[in-house]
Every structure is written in structure tokens, then in C-alpha cells.
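Copied over from Swiss-Prot:
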type: REGION; residues: 1-167; note: region 'Disordered'
type: COMPBIAS; residues: 8-18; note: compositional bias 'Low complexity'
type: COMPBIAS; residues: 37-48; note: compositional bias 'Basic residues'
type: COMPBIAS; residues: 62-71; note: compositional bias 'Acidic residues'
type: COMPBIAS; residues: 99-110; note: compositional bias 'Low complexity'
type: COMPBIAS; residues: 131-155; note: compositional bias 'Low complexity'
type: ZN_FING; residues: 214-237; note: zinc finger
type: REGION; residues: 258-277; note: region 'Disordered'
type: COMPBIAS; residues: 259-271; note: compositional bias 'Low complexity'
type: ZN_FING; residues: 287-325; note: zinc finger
């Protein structure tokens, strides 16, 4: 029976295939109909394509906005409620009476527990921050003290034991030969009280030579265009500044040493007396122009003496010295008091003897 049913099915399939082939042959023999297929238009064909960078940026911005929104929501949730009452109606709404007549708050126990938890969490965070800052300060102070102790130990031992190992222990482990005082400047954690300690490696000594400001014009010529309004000192006395005195003293000491080495005796006093006698002999007893006794004697640059009136009248005619012919440039100096007195004594004694 089963074989017969299978043969019948095969025959039916064969017949159906033959019919389909006949229909296809007829369609091929007949006039073929043209079928047009249109592609569906794209809805977004007029929209310009966006670059990949813009898409990434927009997606990142959207993610950031979502994160900011979530953070703001979290902050709003974390804000604790402040139990502050301003009116009686709010108090009535907040509080209710139980069946037993006892007053109780209408706030849920869950809300109270959440607010208490948030307050406790904030206080805990503050305590953690304060404790961490204190620990950091204490650690810094301990490190500084330990370093100073190590340095002092190395100094006490001479630094020979530590440095001969060949192990590098940092810059602070070098042996220092300068003693450090136990001041706050060294052991205070960033706190420096009082003045800083001066360096012990070198010392500096200053010497300041204070000398008055002398008017140069008045000292050389005896005249100043500013007059009494001049801020400099009007002084014509000869004096040496500090550096000149020191220089002369050093030269004298050098000369003494050389003389002692060569076996020459020091005869400075005798030489000075001889020089003074020669100078007194060199002073002229009368003015070269008027051939008379000096009246207000004046000295030129070439160290020749004339009367003041005689020198000025001669300068109007000739700008050179009357004796040697060197240019005076119109400058006449009044000699120092010591030389003036000697000059006047010589001239007076000469003219007295003649009379």
C-alpha cells in the first residue's frame, strides 16, 4: 500500500511540472510584455552627509550633558532638608496627634533616617580631610627632623663611615662641616621665626670714606657763579681724602721694608727739613711784574707768585705767565696759608733790610 501511494505522488508531481513548462513555453512564444522597475527614492537624499568627527563630537557632548544632568540630580537628592518652621500652620501640618493624644511629627521615619545619614556622611568627610592634612603636616615635620638628625649624626661621626660605603643616600646625607643651631629656621615645618641666620662661609667688611662735597670752582678760582645758593662747600683749604692717606702710608711702609732689607737707615726727618729749607730759599722776595712787596699774592699753575692786581692786568694783555711763558688759562690760585705766611715773611724781611 505504501509503495502505491508513493508512486501516485510522484506521478502527480511530474504532471504539475509538465503543465508549468507548457505555460512557460506559451509565454515565450507570445509577445513579451515590458516591465519597468523603479527604485524607491531615498527620503534623505537632499541632506548633506556629516563627517565622522562631527558625529563623534556631538555624541561626546550629549554624553557630557547626560552626565551633568545626572550629577545635578544627585546633588539635588543629596541636599538635606532644613527643619525650619516660620508659621503656625506649617507646624500644624508637620505635627499630628496620635490616638493616645501624644504629639508626633508627620515626617516619615525614612526621611529622617536619610537626612541624618547625609549629615553624618558630610561630617565624616570633613573629619577625613582634616585628619589627612594633619597627618601630612606631621609627616613633613618628622621627615625634616629625621633628616636633620641624620645630618647631625653624620657630622658627629665625621661622615667617613657613611660615605665610604659607596651607596648613594640622597643629597641630604652629604657630610656638612658647618654646625647648625637648633633654631626654628631649621626644624620648623615651613615656619621661620625671626631673622635669617647669616652665612658662616664668608664674611664681608665695608669701609666708607665720608668726605664733604667741596665746590671745585671755588677751590680752584675762589669764585662761584651760584654764590650763596651753591649747595657745595666753599672751602679752599688743602686736605687729603682717606684713600690718599692710606696710599701714602702703605708706600712709606713699603719703603721702610726695602730700606731695612738693603741696610739703609731711615733719614726721612732730615730729608724733610732739607726740603723745607730749599722751598724757603726758592720763594721770591718781590713780585716779578711790579718789583715790590707782595700784595694779596696769587700762584699760577706753573707755581710762580705775583700780586693779584699785577696778574689780572697782565692777563688782560697776555694769557701767558710773565716768567716762563706757559698759558695760565686765566686761572690764579691763592696759595695755602702756610706758604702765604712764609712768602710774606721773606718779602717783608727783605724790604726792611733795604730800608
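These residue numbers are counts, starting from 1, taken along the chain as shown.
Heads up, the Cβ atoms here are built off N, Cα and C, so glycines get one too.
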Using a Cβ-Cβ cut-off of under 8 Å, list the residues of the same chain that are 6+ residues beyond the ends of the zinc finger (214-237) and lie near it.
331-334, 336-337
Summarise the zinc finger (214-237) by DSSP state, stating how many residues are helix, strand and coil.
9 helix, 2 strand, 13 coil
Rounded mean pLDDT for the residues that make up the zinc finger (214-237):
87
Under the DSSP assignment, what numbers of helix, strand and coil residues are found in the zinc finger (287-325)?
10 helix, 7 strand, 22 coil
